[in-house]
Amino acid sequence: MPALVLLGAQWGDEGKGKATDLLGGSVDYVVRYQGGNNAGHTVVVGDQKYALHLLPSGILSPGCTPVIGNGVVVDPSVLFSELNGLNDRGVDTSKLLISGNAHIITPYNVTVDKVTERFLGKRKIGTTGRGIGPTYADKINRVGIRIQDLYDESILTQKVEAALDGKNQLLTKVFNRRAIEVGQVVEELLSYADRLKPYVADTVLVLNQALEQDKVVLFEGGQGTLLDIDHGTYPFVTSSNPTAGGACTGAGVGPTKISRVIGILKAYTTRVGSGPFPTELFDEDGDALRRIGGERGVTTGRDRRCGWFDAVIARYATRVNGLTDFFLTKLDVLTGWEQIPVCVAYEIDGERVEELPYSQTDFHHAKPVYEYLPGWSEDITKAKSFSDLPKNAQDYVKALEEMSGAPISAIGVGPGRDETIEINSFL
Ligand code: IMP
């Protein structure tokens with residue numbers, strides 16, 4: 001049962017697209033299990049660069065069936081424009097499967113996301129403004145709209161009414177906005193029904209049958225461990241579970257089916273949006289990491305906050321996800337520093353702490369305790385095996401592996417498809 005989960009071990013943007021790409025042709029199904037078009041993968045195929053937000057990266061491999069699982073929230077207009085963009089470039093998207101149980105990001109969810117953030121002012125989360133949180137809130141409040149609802153106009157109308165009832169009160173009386181009309185929303189949603197229809201499937205059944213037939217299924221997490229609604233830096237998180245358990249609930253496969261959980265780990269750390277970030281740099285080093293690493297969001301175009309590698313976070317990711325492997329990305333970005341600081345523990349109110357504190361207050365007070373590892377200046381982008389790396393780069397990787405608690409099975413040494421060192425095969 002080769003079922004692999006591939007997820008971000010930090011705050012997202014670790015370079016998951018590259019890892020999926022490495023598995024490329026050998027995967028039969030690539031499944032998104034949570035999040036929506038707040039994600040952003042860049043996948044480079046040949047000389048073509050594709051930025052995907054909602055679609056699983058498997059959409060680019062001809063032999064692979066891409067699946068949007070029940071745990072994902074889908075904005076149909078974004079889905080269609082992503083499909084159109086790929087079709088225009090000659091990519092066949094006809095194999096895509098979408099769970100009928102996936103929830104729809106409605107126009108009012110997007111409105112509520114933006115209005116709420118504005119209202120929060122200084123305390124804003126820094127969301128992507130795509131309606132993700134409000135859509136998951138509707139799901140949990142049991143007033144969400146699912147893809148399958150598009151095929152029963154009467155039920156759809158009742159559900160939109162129920163969803164808008166309270167929201168319109170809030171929009172008009174608290175946020176001073178115009179009320180949203182039920183009829184208009186229903187009309188827009190119904191306009192998506194026909195085009196979506198061929199993709200809608202019982203994805204839980206499809207995936208479990210595939211696993212019984214020994215097909216290779218890859219579950220692709222969006223965002224990252226520290227943005228998880230349960231295990232991340234709440235409330236500065238996304239509204240779903242990018243951690244490994246999310247693959248089970250968000251795709252309908254049992255935990256006994258998962259054979260490998262791979263954490264994508266950047267050789268330094270980045271974060272977008274608000275929230276604590278102990279190793280964040282506000283100096284020239286931070287600027288250099290941003291510039292050399294191209295640290296700008298694929299989805300929002302926002303500059304990413306940058307800092308040194310944080311081993312406390314990596315250890316935490318190993319634990320909450322049960323990681324079996326790491327894929328270390330962007331090692332080449334660190335080329336040129338004489339010495340590279342690595343955060344090995346925190347100091348919180350004068351005490352050394354080795355593990356991620358569970359209290360938000362403590363985490364906000366955490367100061368990094370650094371160890372300084374010797375850097376390298378040689379170009380490493382042509383390295384094909386671990387032994388091709390300069391000794392100091394090898395030692396940096398070994399030190400990270402030891403601190404992080406799982407083997408580093410692959411290393412990214414450049415943006416290109418072949419600029420990867422494979423140490424242990426993932427399959
Ligand atoms: P939301 O997911 O739009 O609700 O945003 C919640 C938080 O998650 C914000 O800090 C976002 O910047 C962050 N976030 C959402 N998606 C991503 C991603 O793909 N990479 C990095 N950060 C993300």
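Glycine is no exception: its Cβ is also placed from the backbone N, Cα and C atoms.
Automated prediction, rather than curation, is the source of TrEMBL annotations.
Residues or ranges marked as GTP binding site in TrEMBL: 12-18, 40-42, ARG304, 330-332, 412-414. Spatially close to ASP13 (Mg(2+) binding site) yet at least six residues away along the chain are GLY40, GLY224, LYS266, THR270, VAL272, GLU295, GLY297, VAL298, ARG304, judged by Cβ distances under 8 angstroms.
Feature annotation from TrEMBL assigns Mg(2+) binding site to ASP13, GLY40.
Positions annotated as IMP binding site by TrEMBL: ASP13, GLU14, GLY15, LYS16, ASN38, ALA39, GLY40, HIS41, THR128, ARG142, GLN223, THR238, ARG302. DSSP assigns GLY15 (GTP binding site) to coil in the three-state reduction, placing it in neither a helix nor a strand. Long-range Cβ neighbours of GLY15 (GTP binding site) (same chain, at least 6 residues apart, Cβ-Cβ under 8 Å): ILE264, LYS266, THR329, LYS330, GLY412.
Here TrEMBL flags ASP13 as active site, proton acceptor.
The Cβ of HIS41 (active site, proton donor) has 25 other Cβ atoms within 10 Å, all protein chains considered. Annotation source TrEMBL lists active site, proton donor at HIS41.
Cβ contacts within 10 Å of LYS139 (active site), excluding its own Cβ and spanning all protein chains shown: 19. Taken from TrEMBL, the feature active site covers LYS139.
For ARG304 (substrate binding site), the Cβ neighbour count at a 10 Å cut-off comes to 22, with all displayed protein chains included. When secondary structure is read from DSSP and collapsed to three states, ARG304 (substrate binding site) falls in the coil class. Annotated substrate binding site per TrEMBL: VAL298, THR299, THR300, GLY301, ARG302, ASP303, ARG304, in sequence order.
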Those binding-site residues in THR128, GLN223, VAL298 whose CB falls under 6 A of ligand 1, listed in sequence order: THR128, GLN223
Cα-Cα distance linking THR300 (substrate binding site) and THR128 (IMP binding site), given in Å to the nearest integer: 7
Residues close to substrate site centre defined by VAL298, THR299, THR300, GLY301, ARG302, ASP303, ARG304, Cβ within 8 Å: GLY40, VAL272, ARG296, GLY297
Top Cα neighbour of THR299 (substrate binding site) in the set of recorded positions LYS18, HIS41, LYS139, LEU331: HIS41
ARG302 (IMP binding site) to GLY12 (GTP binding site) - Cα separation in whole Å: 14
